[in-house]
Amino acid sequence: MDNWEDPNFELRNLRVIDLKKILHESGVSFPVNARKIEYIRMVDRIRKNKLSSGPQHLLSHLQKEENSNTSKASSSEDEIAPKYLYPSSPSKSTKKPHNETEPLLSPQFIDKPSNIETPVKIESPHVSQNNTFQSYSELSPNVETSLTMKTPPAHASTPKFRSHKSHRVAVPMSFMDSSALHTSPAFSERLKLLSSSNNFSPQLRSPKISHRLQTSATSSPLQHKRPFTNVPERVSRDIEFAPLDSARPSESSSPYSEVDSAEEDDELFQNYVLQQTRKESKLWSFIKKVFHDIKYANYRLLHNLRAFPGISAISSSYLVHIFMILLGVVAAIFLALLREKMFTAGFCDSGASGSSASILGISFPSLCRTCPPNAICPSPNYVECKPGYVLYEPWYSSLGFWPSKYCVSDTSREESVNIFREECLSVLRSWNAILHCSNNSSDLLERNMSYNAHPYVADNLNISSDHISFPSKPFALGLLHDTLLERKSPTLGLEMFEDLFKASLAVLSETNEVVMDSKLICYDSWAGIPLRCRLKQQLIKFVWRNKVFLFGILALSGVIFKLINFFRTRSIVAKYLPSASRFCVESLKRQKANYQMSRSQEPVIPLIEMHDILFHGNGPLEQIHMTKATARTLWEAIVERVEQVGSVRTRESEVDGEWTRVWEWVGTNTLDFQTDRSFINTTSPLRE
């Protein structure tokens, strides 16, 4: 809070109570319920008044003295200081006459006493009736807050690292044109006193607040038109004054009497650089450098000419304008001669001589112009475009500079060629669909064959038909030509039709789905063919194209299947053949024992009944899943194994009125009825 008078201090960091304390210590009346931004504005005004407190209104007071014709010339400066030291109300300043509102001397160059109690008036901020966020104090447009403050001495507010010596001193009155003032004797004496007691020159911290001093008729031009040589980086609102350089020439002496020429050139260059930094050029880098040198030379020339009487009155802008006009005239003459040489040389591709030329003493190796792209230049100054391009002449072609004329693509012809191309593709697609899917394609083929005797030959196509293989039936170009000719619009001429047809053929030859030569054309694409026909044709073509591969796959698959089935059947037969054949033998023995005990049954079992008992009638092989072929193979193996037993006889016998093959056990039967009964009730080993 102690360093709030520092211009770099941010007042927003202070609390409201701190702001009120500052206002109270400064003797400023303030509203109690105002917003923080209002307190910040009031404190900011106090800080600005303290920073800018200086001899601001000396000239206004002097002019008031002149207008009132008072004779108070002997009054001291301390007595009149409170009257002009601080600004008055803005509403009153607007009513001053013209001679008071526009002083000849800037009030910022006047001294101010350090310790003087003066009233400081703070203007109310700009308000708007439409702003609903402003307080009551902002809505009163004519409210002015008056406060009385005591300006501390220079050393009181100076930081420790700064010098206590004040830099604000009176401005030398030699910088002002006193001849322009129609003053009283007292006013003239006061000006002489101020000019004789001050020998300092101003240094501005900011170029924006510098004031133009009017030139005196008796003073040297170097004193009032000389720009400041030191501009600090930090921009402030106040003005500081530093002593003049000891090498600066006096008013009565010549500019070159006390200063060396080398030092003066260096000083002039610094002044010129300072002016250029304030007004930066926006031209190209090369042109900027050239203009930089020209303007510096002009600046130095004008400075040297001011030493001669009569010449110093010439304005520098006039010489710059004259120099630029002369430079433009020289450039125009040079361009005119260059244009004439270029037209004489012509185009480089037309056989024109490429010898060197000289313009205003400048030698050029060759001035011939390059022929524009897509153009033919038969003569030095004549341009002819290639087919498919038209000549375009821009607005600057009358000037004769390149590129004056060039060839552009003919958009209307390109559109017509694209229309012909799409129509040719549509016709070829319809013919391709008829050829592949329709049953009435014989008429189209007959028409196509009729053009073989007198074929249409495309001369603009440089395609050899020796190495071209057509994927399908090709069509004659004459058939396509006549088909499009039948569809031609009546407004299209025959010559234009022939030109567009040949151009469309050249475009079609670059299409991937079209294969053609100078006489035949073939469309190799499925576009325009129905889906069902397309799938059928694609499948047939695929099978026919890969028939060898597909046949090999089928044969190999069959062999593999047979081998797998063979080994599987063999494993099943090897697993169940012993138990099944033993079951058949045991069944024959039981049948023989039952026959011997009861004499009521036949001692034989038919093979058909044995097969059913074995595979279906709760036999040992009923729960085994196998194919019919495997079951048949297993039964054949069982029959062969049982017939190899010597005690089993196979014969033909009548069973239930039908003759069939039967098996009979003829060997010794060791089974009796009890064992047979127990055998029947016992679960077969094949079921386990």
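Any Cβ shown, glycine's included, is placed from N, Cα and C.
Within the list S184, S489, S684, the entry that Swiss-Prot describes as phosphoserine is S684. When T145, T627, T670, T683 are looked up in Swiss-Prot, the one carrying the note phosphothreonine is T683; the rest have no such note there, which does not rule it out for them. Within the chain carrying the transmembrane segment (547-567), a Cβ under 8 angstroms from the stretch's Cβ atoms is held by residues 629, all 6 or more beyond its ends.
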